[in-house]
Amino acid sequence: MSPECAQTTGPGPSRTPDQVNRTHFPFFSDVKGDHRLVLSVLETTVLGLIFVVSLLGNVCALVLVVRRRRRGATVSLVLNLFCADLLFTSAIPLVLVVRWTEAWLLGPVVCHLLFYVMTMSGSVTILTLAAVSLERMVCIVRLRRGLSGPGRRTQAALLAFIWGYSALAALPLCILFRVVPQRLPGGDQEIPICTLDWPNRIGEISWDVFFVTLNFLVPGLVIVISYSKILQITKASRKRLTLSLAYSESHQIRVSQQDYRLFRTLFLLMVSFFIMWSPIIITILLILIQNFRQDLVIWPSLFFWVVAFTFANSALNPILYNMSLFRSEWRKIFCCFFFPEKGAIFTETSIRRNDLSVIST
């Protein structure tokens, strides 16, 4: 072991012979060979584009939602979703640094925090989507019974639970990710890598099963059940729409259309999440299986592109949300920028439209 690698590992608990002799998965560290420059430029271009789109999209979505000055539970959860996306994509610059340097040169502290923050923010995202679907279902049931929605304390407690549980569930990654020296395929010497170093196989298997079940499968089941129930209620309500005497007919249709738009948007967010997060969940399970099947090879480059695909979800979420619910606002911004005369007209009409709530509370 070179002195540099020995210093990089830093102080920590003593490692068992099994941990020392084990070949660890290098995650973002990789030896790219002769095409290193071309591959690094391609990776930087893709992740850089995702980072810019995600940053602008989520910030604009936050501003547009806050400007409506609504304080419902759905609004709080949607804002929480955008914040989680911003936190998740904040890891992109660090990932690019590792892809350029190949070896891990960011130190042990960043090694502990990088994957922890990524996992925690991903957990917050799916739990928030599950909470949104559950809140929508409960809200519809409450409205049918003439009851009010959850108060601010309940909303704050729900957000605190989502972040607190996600932080605790991902805590083993913060503890067990460490910098170790390892010789990678294609390399001629050991280099420091940031990897997950479990003390035993049982703990690794237990945590993987626990995390995938409680942070992916269970929220997914909640989402499916909630939206199925919402769909049933929506169909039944539309059949009775013309028979209701509580509101005028035009108001009933307007509310129904708004609820349907919100339902469709949140459903798209849910579908996109499962499509774009399923590959990384499967890859993590394959990395676990790789410990027992040495003939199963998972290249770090494959892991990178799977993570890049997952990063893209954070850029897609605000696009889906904005295009579905804020078309008029984006049209106004476009016209104000390119056609100032038309922008004034959109500004006047948007003031009247702001009185209508896109997100029912």
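Along the chain as shown, residues are numbered 1 onward.
Quick reminder: no glycine exception, Cβ is built from N, Cα and C everywhere.
All chains included, 27 other C-beta atoms sit within 10 angstroms of the C-beta of CYS194 (disulfide bond). For CYS111-CYS194, the entry in Swiss-Prot reads disulfide bond.
Residues or ranges marked as N-linked glycosylation site by Swiss-Prot on the basis of sequence analysis: ASN21.
The phosphothreonine annotation in Swiss-Prot covers THR347 (among others).
Taken from Swiss-Prot, the feature phosphothreonine covers THR349 (among others), and the record attributes it to similarity to another entry.
Taken from Swiss-Prot, the feature region 'Disordered' covers 1-21.
Summarising the annotation, Swiss-Prot assigns topological domain 'Extracellular' to 1-45 (among others).
Swiss-Prot lists 67-77 (among others) with the feature topological domain 'Cytoplasmic', giving sequence analysis as the kind of evidence.
Per Swiss-Prot, the feature topological domain 'Extracellular' maps to 99-103 (among others). Over the topological domain 'Extracellular' (99-103) the predicted model carries a mean pLDDT of 92.
Annotation source Swiss-Prot lists topological domain 'Cytoplasmic' at 125-156 (among others).
What Swiss-Prot lists as topological domain 'Extracellular' is 178-204 (among others).
Per Swiss-Prot, topological domain 'Cytoplasmic' is recorded for 226-268 (among others), and the stated evidence type is sequence analysis.
Among the features that Swiss-Prot reports, topological domain 'Extracellular' is placed at 290-295 (among others).
Per Swiss-Prot, topological domain 'Cytoplasmic' is recorded for 317-361 (among others).
The transmembrane segment annotation in Swiss-Prot covers 46-66 (among others) and rests on sequence analysis.
Swiss-Prot lists 78-98 (among others) with the feature transmembrane segment.
The transmembrane segment feature in Swiss-Prot is assigned to 104-124 (among others); the stated evidence is sequence analysis.
CYS194 (disulfide bond) carries a strand DSSP state (E or B). A contact between the transmembrane segment (46-66) and the transmembrane segment (269-289) is absent, since fewer than 3 of their C-beta pairs, 6 or more residues apart, lie under 8 Å.
For CYS111 (disulfide bond), the same-chain residues lying six or more positions away in sequence with a CB closer than 8 A to its CB are TRP104, PHE177, ARG178, VAL179, CYS194. Remark: secondary structure over the topological domain 'Extracellular' (99-103) totals 3 helix, 0 strand, 2 coil, with classes taken from DSSP.
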